[in-house]
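According to TrEMBL, the domain 'ABC transmembrane type-1' annotation covers A:90-302. Marked as region 'Disordered' by TrEMBL: A:1-22. Per TrEMBL, transmembrane segment is recorded for A:34-60, A:94-115, A:127-147, A:177-199, A:233-255, A:281-305.
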Amino acid sequence: MSTTLERPALDTPRKVPTAKDTGTLLKGQKRTGWALLAPALLHSAIFIVIPVVAVLVLSLTDYSFGDTWSWVGFGNYADLARDVDFLASLWHTVLYAIVVIPISMAIALAVAVGLNQKIRGLGFFRTAFYIPTVTATVAIATIWLWIYNPGSGLANGFLSLFGFAPNRWLADPATALPSLMVVGIWQGLGTKIIIYLAALQGVSRDLLESADLDGASRWQRFVNVTWPSLGPVQFFVLITSIVGTFQVFDLVYVMTRGGPGSDTRVLVLDIYQNAFQDLKLGYASAETVIMMIVIAAFIGVGRLLQRADTND
Amino acid sequence: MTSAALPSTGTTVSRRPSSLRPGRIALYVVLIVGALLMIVPFLWMLLTSFKSDLEVQQFNWLPGELRWHNFVEAMQSAPFLRYFRNSLFIAVGETAFTLVVCTMAGYALAKAPIRGRKSLLNYFIVLLLVPFQIILVPLFMIVKSIPLFGGNNILGHGGIGWLNSWWGLIIPLGAAPLFTFLARQFYVSLPDELAQAARVDGLSEFGIFLRIMTPLIKPALITIAVFQIEAAWNGFLWPLMITTSDEMRPLQLGLAIFSQNPAEIQWPYLMAGTALATLPMIVLFVFAQKRFVEGMANVGIKG
């Protein structure tokens, strides 16, 4: 890249820009800047900002694709508080997030620390851990559906190696949600590992070496040098994980459709069904608003945790 | 597998890196077991795709023979070739659209002397946090009422707008704020003198953006392209919502429909189809690995 930085046409005589020239030049730069920015601004306004505002407004109506609709105030929210399916979905989603986020972050950090040693085959390991991330969730889900197959799947085959009785996995209310969590953790490791790995490369080498000279153990070096300097990246990973886990849909849609019963029903699935099968758009919008609030609350708690971590 | 070494300025403080101490052996064992846990499901998928219907009745590892015709029959049992073509079309269209819009905006956010540049950057960062699932419902309604498309009048009434159209599949989810942000992160590190010199030579502002600056951020372009191709190829919920005809369904939707009826799933065919849907993205990643990883790391850290 550095070679292309040299400009070839240096031999042409340069005109010294006058004050007036700089003025018009600046104007031109501004105009071009806005012109370049316009498509992205327009696109984001139409397809992100307006929809976010619309969700808030729709949640106060009983709109359902028809021509007539009316304001219902907070009626949708009152109904939601009594909606068993919604409450189950909310609970499962929160549970999913609480289990999947810390476990996957811890495993990812551990693997990244391992990969950050001078080891052979880094490219292989990186690819191996990243493959699930680049694979479509639908494909992942169909593979795991087959692995969890009670009759002849890999999971029961594996259990039988150790003499355990076969499990019904996704069909058993007790194991259905944990089975999904395993897939969620497994799939999300790759991105986190790569981000952690990049961050670990940026940890000050001098600090680590001087800690080493002072006789700090590996663990002490990790706790006192590495961990504090990972702060901003931890936060980035945490936020993207929160947003990601609350979005879980494809996995559930393909593997269980929210079953058995409604034991794996999650928020986006519930929203999707209310909006596009029962056509209750206002109601689904109210659900979405609740989801936004919960995500915001999670991010808020994340910030508090981070602050507490850096202060002590 | 191409191995892409990370920059050698690692933070490794181990004093005897090449010796085989017990700790190092344990490290390799753990990493290899971990890597296997990541790969085995895919291996299982491939092995299953060669098995016969009889062989999948009970658990075993290896197929009796390599039944390549499973792939042919899987392709014939559903219009997979069409799904494949549709996914490719969506991925290419969405990536082209994203590259154009996001590099332009990223450049302006990094280099243009416009008022409120900082707030505009913050605007895109905030939007980056809005998950698509949150705006599902209104997004559908907006796409349905795009004026003058799909039988709509100028006010967006009366027709289906962009529903069930390539426009609807490609435009709304393209040009994500994440990519604008990513492009900006790369442009911002280019020296201003470069643009200044080109300006003195009489190149237009747009020319500076297109001919001087953009060729210098190739790693970002590759990262954005790979990211966007993966996202488009793997997309599921949005196509599920807005397509009603088989004509436009992408691959993932085809797979999901294929696996819908648990009692009658033909596992070998389903796994063959899944393998065919997965392979292109894995190959793409393996080839673009190094650049892709650099780009990803930049989003996370320079933030």
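Even glycines carry a Cβ here, placed using N, Cα and C.
Tell me about the surroundings of these features in the structure.
Same-chain residues lying 6 or more positions outside the transmembrane segment (A:34-60) and placing a CB less than 8 Å from one of its CB atoms are 71-74, 76-77, 281-282, 285-286, 288-289, 292.
Within its own chain, the transmembrane segment (A:177-199) has Cβ neighbours under 8 Å at 92, 95-96, 99-100, 103-105, 107-109, 111-113, 115-116, 126, 129-135, 137, 140-141, 144, 148, 169-170, 229-230, 233, 236-237, 240-241, 244-245, 248, 251-252, 255-256, 263-264, counting only residues six or more beyond its boundaries.
Long-range neighbours of the transmembrane segment (A:281-305) within the same chain, counting only residues 6 or more positions beyond its ends whose Cβ lies under 8 Å from a Cβ of the stretch, are 54-56, 58-65, 69, 72, 76-77, 79-80, 86, 90, 93-94, 97, 235, 238-239, 242-243, 246, 267-268, 270-272, 274-275.
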In the same chain, who gets a Cβ under 8 Å from the transmembrane segment (A:127-147) while lying at least 6 residues past its ends?
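Answer is 111, 153-155, 170, 183, 186-191, 193-194, 250-251, 253-255.
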